[in-house]
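A short write-up of the structure that comes next.
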């Protein structure tokens, strides 16, 4: 348990909202965020090619959403949010942080709605299998 806490603290330092996004993912899917950390062509660092399934498309849309955020770094931003009646509610006054939260909220909901498409064959998916031309956001 102590090692997990140390890893979580280190990950938060690397990517400010990773922990928050992970909590959203777990709330909507009951799966660890690690299940989505290296999945398909878009879940995880970077992304290229064609999304492999609806789950991977959630990550593609999430990447596109981050690309529209202006005024803060989505990967380093810590935002306000809460869980109310099974829903994720983004809060706070900063429009940029709220936009980052919305990107994460929509992706977490998307993962929950597409759990039936999650296929373990796309876990640890090689980017060499993602050589098709990338779609436009």
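Including glycine, each Cβ sits where the backbone N, Cα and C put it.
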Listed by Swiss-Prot with 42, 44, 46 as binding Ca(2+), from among 53, 63, is 63
Taking only the CA atoms, the spacing between residue 44 (Ca(2+) binding site) and residue 59 (disulfide bond), expressed in whole angstrom, is 8
Most isolated by CB count within 10 A, of the disulfide-bonded residues 59, 90, 101, 137, is 137
Across the recorded positions (63, 104), the Cβ with the fewest other Cβ atoms inside 10 Å is that of 63
